[in-house]
């Protein structure tokens with residue numbers, strides 16, 4: 001019980017609040033006497049204040065690490081209290097130790113607990129921003145670490161501060177793979193800042209351009225015609241290639257790439273390729289530089305072997321085809337013309353674009369060569385003897401042969417009998433009996449025809465050929481088979497506004513003018529319809545027959561009407577003869593006979609009247 005009473009008294013004492021009087025002197029001892037005089041106390045206070053540094057909020061100050069404990073770093077700023085900074089803000093200083101001096105940012109001199117509040121992260125950011133602003137103002141270079149990709153560019157860590165790198169400012173070349181740059185540390189130039197939000201835009205391209213401009217100025221200052229430079233192919237176009245000469249661009253025209261013909265620069269060059277080129281020309285400000293590649297090699301005509309002379313045989317590739325011939329490349333830069341007249345001994349027209357194909361290999365004989373003018377004429381046909389020299393012996397008149405159809409024209413068929421020997425069958429010499437609107441109705445290219453030699457023109461290298469002459473002329477017989485006025489069955493083959501072509505027996509074709517194709521009901525005969533036609537004209541010399549269907553049925557009707565009239569006249573004459581016989585017997589006739597006679601007379605008169613009406 002006594003212990004409980006003592007504990008209760010102790011608790012009551014602890015709950016009592018001791019409040020000092022306003023006039024209480026803290027400098028006095030228990031006895032009421034002060035240990036220091038007022039002057040001494042003021043002096044001591046001043047000395048104490050001098051030992052404390054002046055710490056202001058929102059500033060960066062230097063402090064010494066006095067302890068690292070419980071996840072905090074204790075910083076002594078020589079202030080009345082130490083500050084604490086989380087160790088997480090020192091991750092970039094793994095070797096941090098007691099005694100090290102670091103910069104921190106004073107956020108608050110004293111929080112609710114009387115603690116000094118510091119931040120190393122904010123100190124770093126402010127120092128980084130100051131560094132970026134200085135770099136922007138002075139044009140100096142900063143280093144940064146690309147940490148991620150974002151819309152339109154990349155995020156770059158510059159001394160702990162995130163900056164923006166636009167995609168167009170990464171390199172002078174377009175960027176395809178942005179991810180390849182993540183994690184790289186590069187140098188940058190600060191090109192834009194925003195003080196309000198502490199944001200900056202950086203560029204790596206600007207540094208490249210600056211370096212290139214310096215190189216460009218150095219190259220331009222030393223640029224001379226004939227100078228050989230190393231360049232890198234940066235772009236290929238239809239007309240040439242652009243080369244980077246180390247900050248200066250030059251154009252290598254397609255005609256200056258090779259002594260030979262090329263269709264496109266990509267046939268010889270590729271992007272990124274390094275090569276030596278010679279400066280051909282440039283304008284006054286040296287912004288346009290013309291380059292040459294082939295000029296680094298001697299002209300092929302200058303080193304063409306001496307044994308290439310008229311009469312020699314060369315081999316090459318077709319590199320260009322024109323209407324008048326084809327160009328054969330002997331070596332790159334040395335070409336000869338094969339004129340169409342030098343392709344074959346035949347006089348048949350040759351289409352060079354059909355005969356030659358680019359890239360094909362041919363042998364040819366040199367006809368002429370001019371090394372100064374760098375021109376050469378070539379021949380294919382002179383590789384063999386002229387077949388026309390013995391044409392009359394091998395192809396005499398009226399001899400028969402076979403030939404391959406090479407070409408069709410509206411007026412005839414061109415055939416080749418052998419290499420260099422050809423002739424033409426005129427369209428009129430294809431058939432005795434049929435008329436063709438075009439030779440394509442008779443044959444086609446590639447077919448083989450039997451022919452007869454009709455005529456030979458050695459001087460003009462022409463053969464006149466015939467196909468119908470292989471058979472006897474049937475028109476001598478047709479004149480007896482199809483005389484004028486004869487009627488034959490015929491089939492309509494085709495019809496137009498002028499008339500119709502009909503086929504008579506023996507495959508003979510005849511023409512019926514349009515009005516002669518009209519049928520009895522007034523309609524026109526249709527194609528493939530078979531009718532009877534009358535021959536109204538036969539011309540043996542022109543091999544022409546005119547026929548008519550309308551003439552046939554009109555004449556047939558007239559013949560029928562004439563026969564009917566003749567029959568009626570005969571019947572009338574017979575009736576009159578009978579009447580005369582009856583008159584002779586009138587005296588002997590009875591009344592009944594007279595009635596019969598009267599009826600007969602009336603019948604005869606009616607017949608005569610009908611005959612007169614018909615006539």
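Quick reminder: no glycine exception, Cβ is built from N, Cα and C everywhere.
According to TrEMBL, the feature domain 'S1 motif' maps to 58-121 (among others).
For the domain 'S1 motif' (139-205), the DSSP counts in helix, strand and coil order read 8 helix, 37 strand, 22 coil. According to TrEMBL, the domain 'S1 motif' annotation covers 139-205 (among others).
Taken together, the residues of the domain 'S1 motif' (226-294) have an average pLDDT of 89. Taken from TrEMBL, the feature domain 'S1 motif' applies to 226-294 (among others).
According to TrEMBL, the domain 'S1 motif' annotation covers 311-381 (among others).
According to TrEMBL, the feature domain 'S1 motif' maps to 398-468 (among others).
Helix, strand and coil counts under DSSP for the domain 'S1 motif' (485-550) come to 8 helix, 36 strand, 22 coil. As annotated by TrEMBL, domain 'S1 motif' applies to 485-550 (among others).
According to TrEMBL, the feature compositional bias 'Basic and acidic residues' maps to 555-590.
Taken from TrEMBL, the feature region 'Disordered' covers 555-593.
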For the domain 'S1 motif' (58-121), residues assigned helix / strand / coil by DSSP: 6 helix, 31 strand, 27 coil
Secondary structure content of the domain 'S1 motif' (398-468), with strand meaning DSSP E or B: 7 helix, 38 strand, 26 coil
